[in-house]
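Feature list (source: TrEMBL):
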- 102-202: domain 'Late embryogenesis abundant protein LEA-2 subgroup' (DOMAIN)
- 38-64: transmembrane segment (TRANSMEM)
Amino acid sequence: MVEREQVKPFASVTLGGVRSSDDDEALSMEMQLRKRRYIQCCGCIAALFLILAVVVLVLSLTVFRIGDPLIRLNSLTIQSLDISTNGSLQSTRVNLTLLVDVSVKNPNAATFKFDNGSTTIYYGGRVVGEGVHFQEKIKPRRTLRRNVTVEIDPVKFVDVPGFVTDLMVAKRLNVSSHTRISGRVNIMNLFKKHVVVKLNCSMTVRIPSNGFHGEKCKPELDF
């Protein structure tokens, strides 16, 4: 009996190794692509924050720069004046009311809010009268102008040494005023500033013209 050769089939060749290599290469490329996208995303975010910081810096130095409010004494006039000697220089009495015209300019892009301010009148280095500036708001880049009535205390006025000589002989009174206004500027809750504006003025009132002459004013700022 003739034995037939048994032909055994060849073992199937698998391409598993080749496919594994391709998968690794594809995975590596995907990881590199993800890394590149991540770096690009971080770069864009960093650039955005940098641009935002530059914009804020530019605005803070230009549009949103907080400037100092400006105060000005426009005029100081005598609203009423009554001098009574009663036949004796020592019994001289003075009833004097002053009208102070003050303006405050807000150079900022936001509202300037200030609390109650005051104007104090001095004669002979003593306080003889005071007027109140009530709290107010000044719109951006606007000027607020207000008149303040100052009642002079006749007792304090007459008690100043040399008053009778100034009134009857020199016929002039050297007085000074001190105006103080404190407030704050707030821009979008990002830029805030508290300012105290002061204005010191000295002047001479001539009698009987009842006018003020030689006004000299010096503004001051406190932060």
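Glycine residues also receive a Cβ, built from the backbone N, Cα and C atoms like all the rest.
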Residues from the same chain, set at least six apart from the ends of the transmembrane segment (38-64), whose C-beta lies under 8 A from its own: 109-110, 187-188, 190-191
Helix, strand and coil residues within the domain 'Late embryogenesis abundant protein LEA-2 subgroup' (102-202) as assigned by DSSP: 13 helix, 63 strand, 25 coil
Average pLDDT across the domain 'Late embryogenesis abundant protein LEA-2 subgroup' (102-202), rounded to a whole number: 86
